[in-house]
């Protein structure tokens, strides 16, 4: 073989190898491109050529979706469900420790998650009543009509009827919330709204606010549950109206008046979304309300989330933003109350006002919960009647049985708060509320049950009914004790846990007892004959040196003055008292004076006086309860 022949062969082989390399490289890039397209597109193998391009949507539909900006999407791989909900590796409340194993998975299979798009903002109809959440002004010549219509629903129905069903609202979110990133795929939700004789405009404004301000892909359906309404327009007229809505909406009806609890259970039975979102029938959802709720649940399906509940004025329908620094608690009589978030929880959140807030209890009207978890944890207590107490029962159950309850500051929903209910209840409101509270006490309060009965004389007479099924549920879920709840979830609770004495405080000379007399904040503490029935005569002398009854503490601002009942602030000062168990006197730290029995001038009011250590300044503290904290 000549050198030239050898050279030609080598060149031919090199060209052949080069072609192979080029072909293989091209094939690799084609495969890589296909993988990328399949990874980031929902169109492949689904709607194919019908998929819309960025920025395209049906302009004739006012509620059509717009594409999320790229910087507002979070890739699915960024969701780390192995960490705690705060992104921490540890903490006092870690899921799965000490609770029943098994049950639903903590996370969702990817196949059920949907890619979503931001809902467009509702544009202001300038000059129209109530736009941008502004108050409605009723003309002077319509005041009488306004007062008459107010009686129908205990809110200004005339003002509501003047406002568009699609009224605009300001974006009330914290600036940091508007920059939040959420997962690009989230679970769908079904909205369940129970109503009874609701006004047409408030009910449909609730529905339209859901439709207008929710990512359409995440909104599975809206379920309206009519709890035996008697108004004609809530019958066929409502069914025909909702049938034309751009989101699947239908009406279920109870056969007889069932109450909120059982009506919600009926609605939940028909839910087809992954998450149930319960709303009241007189709400308005704001921009970006839904995504933060679902984004939290997608991280952990055992998290139950609530929006911040803003106020819609019952007089003017003005939209008023609520504080993001309050959480849910309860008092000695198991009444739900809003209290300021303690510094402990603020520190856990690194003082980030946009971070999820762990709340001891929820108001109960508005929240989202994974559908399977709702049933796994026992849904609602079907032994409860109508309304009242179900929010505390579910709150205790969530925390004690391994779940987490949060308020999501980046989600805002307005609610029409009324001074009184326009509805009547079979047997009366008090009977129903006490029955429900008794069921809560019997199942969840453990040894604090007797304390609750001592504080609420009506509850002692109320029948809780058969609670064996609910106790069995608690055993099956291996739930924690109420003491664990107070020590770990709600150490700021007003329920007596950390105290020296709990019971009546009796004057040695007059044999009369300190008594709140049913008075309210900033009124004087009283004194009356000792009746031994608990209630207004139960006081706790705490290890913070407070003398408290429920959320009221004895407070003295000046020497020789009266002693008032002021909301406990846990900061000492005017509310700090020292009890000498041997001498039996109660000395006020700030003034150095002692608590003395009432005088003839005012036989019902104890006073502060210089300490004389006489019998009129001696007080007997005897604990009635045996389960004091160690």
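A Cβ is built for glycine as well, from the same backbone N, Cα and C atoms used for every other residue.
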| query | Since Swiss-Prot lists 280, 282 for Mn(2+), which candidate among 415, 435, 531 does it give for that site as well? | reply | 415
| note | Note: Swiss-Prot has 227, 257, 418, 423 binding substrate, and from 200, 289, 387, 448 that site also includes 387
| From 166, 212, the one Swiss-Prot labels N-linked glycosylation site | 166
| query | Between 21-38, 39-56, which stretch does Swiss-Prot give the note transmembrane segment? | reply | 21-38
| message | Excluding near sequence neighbours, so keeping only residues 6 or more apart in the same chain, what lies with its CB under 8 A of residue 410 (disulfide bond)? | response | 173, 174, 177, 180, 288, 292, 354
| remark: Same-chain neighbours of the Mn(2+) site, Cβ within 8 Å of the mean position of the Cβ atoms of 280, 282, 415 and not counting those residues, run in sequence order as 202, 206, 279, 281, 283, 312, 365, 366, 414, 416, 417
| said: With Cβ-Cβ distance below 8 Å and at least 6 positions apart along the chain, what are the contacts of residue 530 (disulfide bond)? List them in sequence order. | reply: 504, 506, 511, 512, 513, 537
| Sparsest-packed of the listed disulfide-bonded residues (401, 594) - C-beta count within 10 angstroms | 401
| remark: residue 415 (Mn(2+) binding site) and residue 553 (disulfide bond), compared by Cα position, are separated in whole Å by 32
| query | When the Cα of residue 611 (disulfide bond) is compared with the Cα of each of the recorded positions 282, 401, 479, 553, 568, which one is closest? | reply | 553
| field | Cβ neighbours of residue 177 (disulfide bond) where a neighbour is any other Cβ within 10 Å | value | 19
